[in-house]
C-alpha cells in the first residue's frame, strides 16, 4: 500500500497527545502520546525511559518536579505500535482534574493536542491499518449491540479488506490481459480468451454481490433503520411506541392529541438498531401547537426509512389514513397497522392489502407484536442469522455498487469488436472504486471527513 505525501503526512513530525479515556470520573485515566519525542516526554514526566512494552510504576511530575499523580507508564517504540510511531501511555487515576492536569503538563513540553481520530489516522498513514479497518475502530466503539460489535471486529481484523483486495487482484489480472491485447493490436496477436474473461467477470460480479449483501447487513447494524409511527389521533401510536420501547416513554391517555411533539427512542430488535419516532396525530386542527406538531410529523415522514401507519381496527382504513399514504415519498416503505384488536375482538394476523402489507395487533396486550418485529426486520433486509457480515458504511456500499456497475458494463461489451480500450477502462473504474474502500485511492478531503468523526484520543 502506497500513500503519497500531503499536508497530513508532513504533520507526522509533530508529537501529539490526548486523553484516551472517556470524560468523567473513573478508576483509571489514560493520556496517550505519539510521535518522535516520546522518549524525551517519558524522561521529563517520570525521570526515565521505561523498558519497551512493560507496565512500569512511577510518579508523574510536571516540569517543575512537582508530583501530579502516580500510576503506570508504558512505552511502545515504533514501528511496533498502534500508530507505527513511538507511543507512550500514562495511566493514572481517572478523575477529570487529574487527567487535565497531566495532559496540560505534557502539552507544555512542546507536544500538540491531537485532533479527533488523529492516532488512528497516523496508523493509517503509516500503513499499520487500511481505511476500512480505521473506520471499524470507530464502529466498534459506537457499537450498540453484540452483533454490531462482532461485525466491527471482523472488519478490524481485516476480513472485509481481504475480500476487497482479492477482488482487486483479480481485476488487475484481467486488465493485464486486456491491455496486452491493446499494446499488441498491430501484431495480430489476441491475448484475450473471451470465454475465460467472461467466466472471470461473472465470478467477480457474483462475489461483488455477495460482499455487498454482507456489507449491507453490517451497515444496518451500524446505522440502524429510521421507523416513524404515524396516523390519526387516538389510534394507539404512543401505546405502540411504548410497547416497542419496552417502557412508558410516551404519555398515553384517552384524550385525542395528547402527543403534540416528536418523541424518539433508540431500540434494538434481535440486534437490529431502530431509531423509533412517535409523532403527533394528523388531522384538521386550528390549534397552533397541534399544527406545529403536525408540521414536524410530516417532516419526519420525509426522512423515514419505514413508516408504521397506525389505524383503529374498529374503524378500518379511513380516508384520513389514505390521505397520509398519499403524502408519503415514493421511496419510503410502510406497513399498515390495525391496532386495538383487544377491543375489536379480531385475531392477530398478517395479510396483504391493495395498499400493501397489513398487520392486526394490540399494543395494549402485545398480541401480534412478534409479527411486527418480523416485518421490521424484513423491511430492513436484516438477517440475524447471517454469519460473516462486517461493519460497513454508506460510502462502502456506494463504492461496491459503482464497482459492480463497471463490471456489468464490462461483461456487456466483452464481445464487441474493438472495445478493448473501453473494457480496460471499465475494469480500471471497478478497481478504483474498490480501492476507495481501503484507502489506496482516496483524497485528503475524504480522510478529513472520516477521521473528524472519531473521538479524541483514538
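Glycine too: its Cβ is placed from the backbone N, Cα and C atoms.
These come from Swiss-Prot:
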BINDING   32, 89, 128, 458  (6S)-5-formyl-5,6,7,8-tetrahydrofolate binding site
BINDING   234, 253, 255, 258  K(+) binding site
BINDING   234-239, 253-259, 278-281  GTP binding site
BINDING   238, 259  Mg(2+) binding site
DOMAIN    224-381  domain 'TrmE-type G'
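For the recorded site, residue 234 (K(+) binding site), the DSSP three-state label reads coil. The number of other CB atoms found within 10 A of the CB of residue 280 (GTP binding site), across every protein chain shown, is 27. Sorting the binding-site residues 234, 238 by the number of other Cβ atoms within 10 Å puts 238 first. In this structure, residue 32 ((6S)-5-formyl-5,6,7,8-tetrahydrofolate binding site) is part of a beta strand by DSSP. Separating the Cα atoms of residue 234 (K(+) binding site) and residue 280 (GTP binding site) is a whole-number distance of 10 Å. Of all the binding-site residues listed here (32, 128, 237), the one with the fewest other CB atoms within 10 A of its own CB is 128.
Remark: residue 89 ((6S)-5-formyl-5,6,7,8-tetrahydrofolate binding site) has 20, 30, 31, 32, 33, 72, 73, 74, 76 as non-local neighbours, by Cβ distance under 8 Å and separation of at least 6 in sequence. The average pLDDT for the domain 'TrmE-type G' (224-381) in the predicted structure is 84. For the pair residue 128 ((6S)-5-formyl-5,6,7,8-tetrahydrofolate binding site) and residue 280 (GTP binding site), the Cα-Cα distance reads 50 Å.
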